[in-house]
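Novice: When I checked Swiss-Prot for this same protein, it listed these features:
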{"type": "DOMAIN", "residues": "15-181", "note": "domain 'Miro 1'"}
{"type": "BINDING", "residues": "27, 29, 30, 31, 32, 72, 131, 132, 134, 162, 163", "note": "GTP 1 binding site"}
{"type": "MOD_RES", "residues": "105", "note": "N6-acetyllysine"}
{"type": "DOMAIN", "residues": "197-232", "note": "domain 'EF-hand 1'"}
{"type": "BINDING", "residues": "210, 212, 214, 216, 221", "note": "Ca(2+) 1 binding site"}
{"type": "DOMAIN", "residues": "317-352", "note": "domain 'EF-hand 2'"}
{"type": "DOMAIN", "residues": "429-592", "note": "domain 'Miro 2'"}
{"type": "TRANSMEM", "residues": "606-628", "note": "transmembrane segment"}
C-alpha cells in the first residue's frame with residue numbers, strides 16, 4: 001500500500017468551540033471562579049456577574065476556543081437563563097460545600113430546569129462544582145455521589161476554591177473535556193461497561209486494523225494503529241506492558257502474542273474508567289465517528305468535483321487496496337469469496353451492500369461465488385454508476401486510514417471531458433459503457449450473461465428476482481485491459497436522455513422474430529443516426545433458423561446504408577463459454593469512436609484487436625496461475 005502523510009483531526013471531527021455556562025444559587029462563588037481563572041488571583045471585589053470570557057484556542061489543552069458564561073439571578077431574567085441553557089455545550093452547577101441549601105437546590109431546582117430546557121435526544125453534559133472548599137475540613141463527595149449515580153448526564157464532580165485557586169483550571173478543563181470527550185455515548189456507569197454503540201464502533205475499528213484477518217492485532221498492526229491514531233509508535237517494551245495489563249485481567253485478551261477483540265475492548269473500557277476518555281475519542285474520531293458514534297458525512301462523502309461529460313474510475317492505488325481487501329477475506333485461497341467470506345468482509349458495513357443480483361452482474365465460479373475478477377468488476381461498476389456510494393463503501397472499509405490518505409476521494413480518477421477525447425482521437429478511460437437495446441425477448445440477457453462467460457445452460461438457472469440489468473467484465477483490445485459495462489435498456493417507444501448516454505450502442509434483434517429488427521432500426525433513427533455514438537447491430541440466436549425481417553430494408557442493407565459494420569451473428573447456446581468477439585468489437589468502437597466506418601468494416605482491423613485480446617488473455621491466465629501459486 002502507498003505510504004503517505006497521516007491525516008490530522010479535521011475541524012468536523014470535534015466541536016469548533018466550547019461554550020461553558022455556570023449556574024447555581026446566589027453567592028456560591030460562580031463569578032469568583034471565573035475571575036480567579038482569568039486573573040490567577042482571588043478578586044477582592046466581585047461584580048454581580050462576569051462578562052462573557054473567550055479563551056483562545058492556543059492556550060487551551062484541546063486547542064479549541066472556549067467561551068465561559070456567568071449567570072446572575074439578580075441581573076438576568078428567566079427567559080435569558082433559558083436562552084443561555086439552550087446555547088451551552090456544558091453546564092457547571094456550582095454549589096458551596098459549606099451551604100447545604102445550595103447542595104439541595106442542585107436536584108430540586110437546577111437539574112430539572114436544565115432537563116426541561118434541553119432536547120431529550122441531545123445529551124447536555126453537567127459538571128457539579130463544589131466551591132469554597134477552603135472554608136471546611138470535610139468533603140461534600142458523600143452527599144454528591146448519590147446525585148451523580150442518579151443522573152447519568154453528570155460527567156464529574158470537582159471540589160475547588162476560588163480563594164486558594166485550588167482546582168480552578170482543572171474545573172474548566174473537565175468542562176471542556178465533557179464536551180469534546182463525553183463519557184455518555186461511551187460508557188454506562190450503572191452497568192460499569194461500554195455502551196453497545198461504542199462496542200460496535202470499536203469492533204469495526206478492530207476489524208479494519210486486523211489487516212491479516214487472523215482475529216488478533218499483532219505487534220506490526222498495533223504499531224500501525226498507534227501511529228495513525230496518535231502519530232507515534234509504541235516501543236517494544238510498551239507494547240509488551242500493554243499486553244501484560246490485558247493478560248492480568250482477561251484469560252482470552254491476548255492470543256499468540258496478539259491482542260484479541262476482547263482485549264482491545266477491555267483496554268478502552270479501562271481508559272474510560274480511569275478518566276482517559278480522550279484516548280478512546282481520539283481513536284473513534286480518527287476512524288470517522290462523531291459524538292453520536294455515527295460515521296460523519298465528511299468522512300463518508302468527501303468532496304469530489306465531477307465536471308459534465310466526465311466519468312469516474314478507480315485508480316491504481318484503489319485497485320491495490322481492493323486486491324488486499326479481497327486477499328484478507330479469501331481465507332481458503334480459492335480466488336473466490338464464499339457467502340461466509342463475503343459476510344465477514346461486510347461486517348465493517350452497517351448493512352449488506354450487495355444483493356443477489358450482483359452475482360449475475362459480475363463473474364462467479366461454478367458455485368456462484370464472486371471471483372477475484374468479479375469483485376474488482378463490481379467495485380468498478382459502482383464507481384462508474386454511483387461514485388458517492390463507492391466513496392461511502394470505501395469509507396466503511398477504512399480506505400483513507402489504511403492507505404494514509406486525506407480521504408477516499410484519492411481513490412478516484414475523474415476522466416477528462418469526452419469531447420477532448422474525440423478531438424485528440426485517443427482516450428485515457430478504462431471503463432466503457434455500452435447500452436444494449438432491443439425488444440423484450442430478443443436475447444439481450446443472453447448478451448449480458450455471455451460477457452461473464454455464461455452459456456445458455458447456465459443462464460437458465462438464474463432466478464427472475466435475481467436478474468441484473470448490468471454486466472461488467474474485462475476485455476482486451478490491442479493488448480490493453482479495459483472494462484466493458486453492458487446496460488440492458490428496457491423496451492420503450494422513446495428513450496430517455498439517461499438511456500442514450502453511453503460510449504457505444506449494441507442494437508440486438510432476434511433472427512427468429514420477424515418484427516424484432518424494426519425496433520432497432522427505429523431507435524437508431526430516432527436517437528443515434530446523427531450522433532457520434534458508434535453502433536453495432538447484433539443478430540441474436542443465430543444458431544436457430546433465421547426468418548426474414550418485416551422491415552423495408554434488410555439488416556445487412558441497413559448497416560451498409562448507414563455505414564455501420566455488418567450485423568454480428570451471435571449465440572449463447574454453446575457447449576462452452578460463448579464467443580467474446582462482439583465484446584472486443586464493442587469495446588474497440590467505444591475506445592476509437594473516431595475510426596472511419598471503412599476501418600470498422602476491415603477484417604484486419606478486428607483481427608489486430610482480437611489478436612491482442614487473445615495474447616493478453618493467455619498471458620493474463622499465466623500470471624493469474626503464478627499469483628495463485630504465490631498465495
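Quick reminder: no glycine exception, Cβ is built from N, Cα and C everywhere.
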Novice: Can you name the residues of this chain that are 6 or more positions from residue 163 (GTP 1 binding site) yet have a C-beta less than 8 Å from its C-beta?
Specialist: 32, 36, 42, 132, 134
Novice: Report, in whole Å, the straight Cα-to-Cα distance of residue 131 (GTP 1 binding site) from residue 212 (Ca(2+) 1 binding site).
Specialist: 53
Novice: In angstrom units, rounded to an integer, how far apart are the Cα atoms of residue 210 (Ca(2+) 1 binding site) and residue 27 (GTP 1 binding site)?
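Specialist: The Cα atom of residue 210 (Ca(2+) 1 binding site) is 56 Å away from the Cα atom of residue 27 (GTP 1 binding site).
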Novice: With DSSP as the reference, give the number of residues of the domain 'EF-hand 1' (197-232) in helix, strand and coil.
Specialist: 25 helix, 2 strand, 9 coil
Novice: Between the Cα atoms of residue 27 (GTP 1 binding site) and residue 105 (N6-acetyllysine), find the distance and write it as a whole number of Å.
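Specialist: Taking the Cα atoms only, residue 27 (GTP 1 binding site) lies 13 Å from residue 105 (N6-acetyllysine).
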Novice: Hey, does DSSP put residue 163 (GTP 1 binding site) in a helix, a strand, or just coil?
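Specialist: For residue 163 (GTP 1 binding site) - judged by DSSP and reduced to three states - the answer is coil.
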Novice: Tally the residues of the domain 'EF-hand 2' (317-352) by DSSP class, grouping H, G and I as helix, E and B as strand, and everything else as coil.
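Specialist: With helix first, then strand, then coil, the domain 'EF-hand 2' (317-352) has 23 helix, 2 strand, 11 coil.
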Novice: Let me spell it out: take the domain 'EF-hand 1' (197-232), skip the flanking residues so only those 6+ beyond its ends count, and list any with a Cβ under 8 Å from a Cβ in it.
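Specialist: Distal contacts: 6, 185-187, 239, 242, 254-261, 264-265, 268, 280, 282-284, 286-287, 289, 293, 324, 328-329, 331, 344, 347-348, 397-398, 401-402, 404.
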Novice: I'm trying to understand the geometry here, so how far is the Cα atom of residue 214 (Ca(2+) 1 binding site) from the Cα atom of residue 105 (N6-acetyllysine), in Å to the nearest whole number?
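Specialist: Rounded to the nearest whole number, the Cα-Cα distance is 55 Å.
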Novice: Hey, for the Ca(2+) 1 site built from 210, 212, 214, 216, 221, who else sits with CB inside 8 A of the CB center?
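Specialist: For the Ca(2+) 1 site the neighbour list reads 209, 211, 213, 215, 217, 218, 258.
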